[in-house]
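To start, the structure itself, in structure tokens.
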Amino acid sequence: MTSRLQVIQGDITQLSVDAIVNAANASLMGGGGVDGAIHRAAGPALLDACKLIRQQQGECQTGHAVITPAGKLSAKAVIHTVGPVWRGGEHQEAELLEEAYRNCLLLAEANHFRSIAFPAISTGVYGYPRAQAAEIAVRTVSDFITRYALPEQVYFVCYDEETARLYARLLTQQGDDPA
């Protein structure tokens, strides 16, 4: 049986999955890192959809997630989530990061998505230590997929080889084949 969890090193904007997750900022207006890359690749339709969400419900709070069409991307949808800014680990960062992953998965399940791709949420400009963030990501996603049939396939998309090895090691430790 193939694992429902896989690690990919590469560009999340190039994946043909039901949903890609955007590590967004609260404004949903694009930014640096993966957020900027997703907005550039998706084109202006993504920004328009994000503006509409802001008009309807305001900013996206830390740990929350919202869904938009994917614009020019191969994915069906983009799920935007706001991870926590690392402030030393004493400000509920772990709980908020777990909540961000779980809320993305709940949106994917509610929309009957079979596949979802996650970047390493909060590990860029938000400064979350990669190893700790990866442990939370793998644990949260693993717990979720034991309880829900969807999504059937979850990809951890890592920009660099070091992060990909970190995720692969964590999946191997829990008995999953990350390839």
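Cβ from N, Cα, C; glycine included.
Look at Swiss-Prot and you will find 1-175 tagged as domain 'Macro', backed by sequence analysis.
Under the heading substrate binding site, Swiss-Prot lists ASP11, ILE12, ASN25, GLY33, VAL34, ASP35, SER122, THR123, GLY124, VAL125, TYR126. Counting Cβ atoms from all protein chains shown, ASP35 (active site, proton acceptor) has 22 others lying within 10 Å of its own Cβ.
According to Swiss-Prot, the feature active site, proton acceptor maps to ASP35.
With respect to their backbone Cα atoms, ASN25 (substrate binding site) and ASP35 (active site, proton acceptor) stand 8 Å from each other. Recorded residues GLY124 (substrate binding site) and ASP35 (active site, proton acceptor) have their alpha carbons 10 Å apart, per Cα-Cα distance. Spread of the substrate binding residues is 19 Å (greatest Cα-Cα distance among ASP11, ILE12, ASN25, GLY33, VAL34, ASP35, SER122, THR123, GLY124, VAL125, TYR126). In the three-state DSSP classification, ASP35 (active site, proton acceptor) falls within a helix. The separation of ASP35 (active site, proton acceptor) from SER122 (substrate binding site), Cα to Cα, is 11 Å.
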